[in-house]
Amino acid sequence: MSEDQGQQGQRLSTARGSTCLKQTMTEPALSAGLGTDGPVGAAKDNIRVRIQSRRRSRLLSRLGRKIPTQGRFTVGWYFWFLLIYTSLAVEPVKSHETHSHSSDAEGTSHQDVSDRRNHPCHTPRPSSHSQADSFESVARGQQKEQSRTMREDAVSPVLLDVKRSQSTPVELAKLVSLKLSTSFGSRTVIRRSQPGVRQSVRAAQLQRMMLDRGNPKRERSSGSSTPSSKSSPVDSVSTAPTSVSPGSLAPSGSTNNDPASGFKHIDSQADLPERPLSPVRESPMVSPTIQTTEATAIVKVFLETHFHTLLSGLDARTQRRLELDQYIETFPLSPEEVVRVRKHWVTQERDYLRQYRVLKSRPQDKTSRAGTASLAGFEPLKILGRGSFGVVRLVREKRTDEQTQSGRVPLAPKTNHRQAMTGVKKDVFAMKVIRKSVMIRNCQEAHLRAERDFLVASAKSRWVVPLIASFQDQKHLYLVMDYMVGGDFLGLLIRHNILRESIARWYVAEMILCIEEAHRLRCIHRDVKPDNFLISESGHLKISDFGLAFDGHWAHDQWYFTYQRHSLLKRLGIQIDGDAEDQKLSHDANIQSLGTTREDGSMEDDWIHPPTNGLLHWRDKNQTRTMARSVVGTSQYMAPEVIRGHPYDGRCDWWSLGVILYECLYGFTPFASEDRHQTKLKIHRHLQTLYFPVHRPTDKLVSADAIDVINSLLQEKEFRLSSPKYKQNDAISSKPAKCSFYKPDSSNPSYQGHYVYPDDATDIKSHRFFRGINWEQIHRTSPPFIPMVRGWEDTRYFDDGEHPSDREDDSSDSELDGVQDKWHPLGGKGGLHKPDKPLKADVKPSSYPKGNDGAKDTAIASLKHKKRLKEAKRARDKILRDKRLRRTVLEMLRCLVVVAAT
């Protein structure tokens, strides 16, 4: 049967080949008969035949075939025979065994076709329904075979979906084009610097697995799945294959003999087997550390405060430009002068940005403070005062050689006689050098941010010491302030003991304007005392040291910074042991690491669970404090509501003003005692303890108006002389502790946050004691005292600057567990103590002079140079009291302070 079928197929192929040959031979004759007559037509036919023969020869030469040239119709016959052979006598490409490859087409006959069809491994021609799939699979597989094989001969013929009918020129063009593009097209080679397995390998493996599942009865052999042949110039590959071939995915040593295994097509992903993916290898779970917690807290604080500043619309450069425009509109300047002024402004802005970038980009000196100051353009000269938080230095702006030669920076005159420095060019400044470690241990991040923000806001104020520059290094913060050559007002009191009533009236009037300016900027000073009023070169007063100032902003609340750290520690499960006292308390009372009370109010659920969307708006609405509660300040000048821990407002500053006026007229504070505890008890019972001495001659010189204004200021806040605007706060203060977050009525035209109101000294100014004071022109009047120095570097008014003080700061039970000193800019020191802890350092009334002869009492002289014994300091944050973590946390928290002061 097989022989009969082979002979029948041979006869069928021969018949079809002869038919095609006859058609090819008769085409020129037909065209010659139909086209032209005579020898001219015959010549044209011969030319046409030669052109066709040359085209076919070039085509076949590109296909790698050698063309016989005998006879006129040999080329056409050979071409059509090759086409018939390709369409009828082709077997599919097999990926499961090695085939014998055909040689060149020269000498091919119909007997070869018959032998191929009689081959035992020959597969019948697939049906027309699967011809498209077979063609697509063959083309894909053949491309992969060519890219994988390094050197290979001509590839076995591919089964094409061509009909057995007579071919037309269009079909012939499609056939040749497809043959050239699929079999002998140009190869694309992708070169990678680091060759690796592609992501498509897994998909190819899944397809292979799907094929294996569909043919369970496949026979396996040890032969190679890729046909091998001799090298051919057409199929030679210069580099390793970059694509994945189907045969390369099969396991080594096992191949499939099913001829259709390489042609199965997966139409959709639904045919893929549903198998669970292998788990991805990951690094082992890492336990969170304190470094992670602190870094996260620092980033959160920075992002929230930074974007709050951006969204608030407070652009300093825009404000300066608006001020420039206002200046140009105010003065009648010519167009040339306007251009010159604008160019000068642009130059200043450019220089500022350049210096800012230099300070940001250059590495800071970790050990030398002089190196950092020099980098910022300042040269340290001498020390003005010392404090527990740092030191105040007199610095001079560095001059360049060009400025010195051109005379742009005139030098201050150096003389041997003292003179007033009014109108003389100032080239020196006072620079605060604050130690970060001390600030962090005392939890002063929020206070430092509040001080800097207020100084920036008060840059154009007449009554506030202006901030010139601020920068930092790894260990210190630097605030460059304007230099007040006259020293502080406390030094003036020490030198003169008691002031005459007219002089005291003038200075207290300027103090009122200073405090009122701070309230106009929505800030409660909370540390009003003689130390914080500085005397300028003209003799007028300016207020300074806003380290304890309160403005209600959530970013100026120390609890906000503490909560960021402790909440993360609680979520991550990091245990904080603290020191021995903390461990004892935790063991006895089972106290959590995070306290249940906060600095300025109770810890509510809203604080513990802030929203994820609209966080900044939520903080502005819910965490902006409308009343202050912290027990801060200097004990002798603290108001009774502050000592009691009740909610208070800006009226506490006017109480301190009454104490200062009393001290100016009598030489000592009204509630001075041997220790702070007794001082606070006297303030608490001020109605019984306040008295006005009359046994000295100077006491009789105090007028009744002065006594009345002092008595009106030293009252409970509901009856204190200030402004009627605060009356609405009295109802709020009678509510529970949550009133510090009371939502006020913003419809009030004078609303500023309820804790402070602008122009809140109307009742004080209208008192008869200040009759004759021109409040609008007082800054133009001649002051009672004008400092006389030999030059800007003369610091005679600061040599006596070690004044005793008992300043307190944030004695909340949730944060304060020990005694802390607080720094002030002129060398005074103060401690921070609990209200019920007795301490020494208050000044007795008997220590002050008993007469008006101007002699200095020996007790005051000894107090100026006395060094108070420092008690052992205990960090206020439990994390900083832990011996295992405090060093690491302290180093990381320095970055937080840097962000706050930059």
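Note: Cβ is positioned from N, Cα and C throughout, glycine not excepted.
If you look up Swiss-Prot, you'll see Asp527 marked as active site, proton acceptor, on the strength of sequence analysis. The ATP binding site feature in Swiss-Prot is assigned to Leu384, Gly385, Arg386, Gly387, Ser388, Phe389, Gly390, Val391, Val392, Lys432. The compositional bias 'Basic and acidic residues' annotation in Swiss-Prot covers 97-118, 142-154, 210-221, 264-274, 797-806, 833-843. Residues annotated as compositional bias 'Polar residues' in Swiss-Prot: 125-134, 240-259. Here Swiss-Prot flags 222-239 as compositional bias 'Low complexity'. Marked as compositional bias 'Acidic residues' by Swiss-Prot: 807-818. Look at Swiss-Prot and you will find 378-732 tagged as domain 'Protein kinase'. For 771-831, the entry in Swiss-Prot reads domain 'AGC-kinase C-terminal'. As annotated by Swiss-Prot, region 'Disordered' applies to 1-22, 97-154, 207-288, 797-875.
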For Asp527 (active site, proton acceptor) and Arg386 (ATP binding site), what Cα-Cα distance in Å is obtained after rounding to a whole number?
18
What number of additional C-beta atoms lies within 10 angstroms of the C-beta atom of Gly390 (ATP binding site)?
23
Have a look around Asp527 (active site, proton acceptor) and count the other CB atoms within 10 A of its CB, chains all included.
27
Under a three-state reduction of DSSP output, how is the residue listed as 'active site, proton acceptor' classified: helix, strand, or coil?
coil
Around the Cβ of Arg386 (ATP binding site), the count of other Cβ atoms that are within 10 Å:
16
